[in-house]
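If you check TrEMBL, you get these features:
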{"type": "TRANSMEM", "residues": "43-62", "note": "transmembrane segment"}
{"type": "TRANSMEM", "residues": "68-89", "note": "transmembrane segment"}
{"type": "TRANSMEM", "residues": "96-116", "note": "transmembrane segment"}
{"type": "TRANSMEM", "residues": "136-160", "note": "transmembrane segment"}
{"type": "TRANSMEM", "residues": "181-203", "note": "transmembrane segment"}
{"type": "TRANSMEM", "residues": "215-235", "note": "transmembrane segment"}
{"type": "TRANSMEM", "residues": "364-386", "note": "transmembrane segment"}
{"type": "TRANSMEM", "residues": "406-427", "note": "transmembrane segment"}
{"type": "TRANSMEM", "residues": "488-508", "note": "transmembrane segment"}
{"type": "TRANSMEM", "residues": "535-558", "note": "transmembrane segment"}
């Protein structure tokens, strides 16, 4: 078995048998390969995304709105593909194969994107010339391959690393080893993102996109090589049934059984449940789903060992309750879509920063795309302060071990996102007024005599809103789900980010079309001084306020978190009480 020393009998030179030990698989020796793969992929991907709006405008002659839409859609796809990657790894291919395929796809995508900078015919050669269908196919093909790569690496990398260290004994020593790995993993992710939005953006600004895209492509190659090189050392857990499959089965079986009558109350034996479970019937909430676990014919649908012979015709009580737990949080989950729009506003601030004074010293200026680093720094610093200083103080005042309630944390994050958009609107209004006063109305790319440091507050507020809402969201899901659904929390957050990016693209498209009617300049025109980006930010502010009010309604309707927590799980499977703010899972949810 993988992870345990074995002996293989081999013949020596005299024909006798000798025992030769097989190399033990798994363990800390596999960590450099796994962490290097994740680190290189993160550095390369985020390093490309941060400055991509400038490449689309200067290289492909896209206007600001089109470029932002392309990046919104790319980010959306990159948030959706990990859901598919997790399903494939759990159900069919296993984590090793999915990560390997993802690493190769990322390398091919990065290489294809780099080739768009090297081949003159890969993009328009003259200013104002529109890109051809072939040129755009090459560009979008690169984005698609990198999204596929993200879908393979991101949902599986952490779990695959834990597979190498996890042992059945659950000893304190094993727990310490796992904690060390988690610390190293998340530290590497955080450092990777900071390097991406600082060093890589600086290289792209100073040396051009040929070098700036070539280095990420090389890193993606190293990521694939490092991971595959460690293949003989890995513990490779086989694919098993996915939780997503169970959700689909429950919904399908409930629909098929919609004509069945419910059995009498307080009657045992009518519902299929896990053997030995003390909970033999489902709860009354979302009662129509209960029909998925009604036993119509024990002889036909149950094996001798008590398991369902046809899972697509009979589900367990536990499966039904798992789906109910997911359905109950969906209204609150939907409130995270709008804040995903606000924390994904990366493209337009980069264009604003390009027209502002970014000099720190006479010889050094901050790259326009690096101001997003202030959001990451704010998030990281605040989480440390909150966890180490504020939580103990608030816990004594409120009696809540987390300091404040999870829904309150989510609500504070939504409120801060409203402030972030309002500040963005005010700063852009000031920037535009200054540009017009300098006579730069017709010169959208000219330098305006205003410091780019005015953009820092909105980035800090965005990072703070993410620290409250995003982390609060995931911890909320963890607290409401059983351990069997612990992976769903991050998956739901990624899904919300994906829908948020799609909504962001739709908003930009509608704003561009509606505001440019009658020959007027669009609010999101390529000439920032003629556009009204401040109106665009005020629109996002109003939508964020409406979303905050919607959250208050959903929060009230959901009720007390402790009371809503499911009570039907088998007592051998306690509800997960993990505090995300203490688990160092923060870099994974940073949005760049």
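Every residue gets a Cβ built from N, Cα and C, even glycine.
Away from its own ends, the transmembrane segment (535-558) comes close to residues 328-329, 331-332, 334-335, 338-339, 341-342, 345, 348, 407, 410-411, 414-415, 417-418, 421-422, 424-425, 428, 507, 511, 515, 523-524, 564 of its chain (Cβ-Cβ under 8 Å, at least six residues beyond either end). Contact check: the transmembrane segment (43-62) against the transmembrane segment (136-160) gives at least three Cβ pairs closer than 8 Å, residues 6 or more apart, which meets the contact criterion. Taking every listed stretch (68-89, 96-116, 215-235, 488-508) in turn, the largest tally of C-beta pairs under 8 A with the transmembrane segment (136-160) is reached by 96-116. Where the transmembrane segment (68-89) meets the stretches 96-116, 215-235, 364-386, 488-508, the count of C-beta pairs under 8 angstroms peaks at 488-508.
Taking every recorded stretch in 215-235, 364-386, 488-508 and counting its Cβ pairs under 8 Å to the transmembrane segment (96-116), the highest total belongs to 215-235. Note on the transmembrane segment (215-235): residues 2-3, 23, 25-26, 29-30, 32-34, 36-41, 43-45, 47-48, 96, 99-100, 103-104, 106-107, 109-111, 113-114, 149, 160, 163-164, 200, 203 of its chain, located 6 or more positions outside it, place their CB under 8 angstroms from a CB of the stretch.
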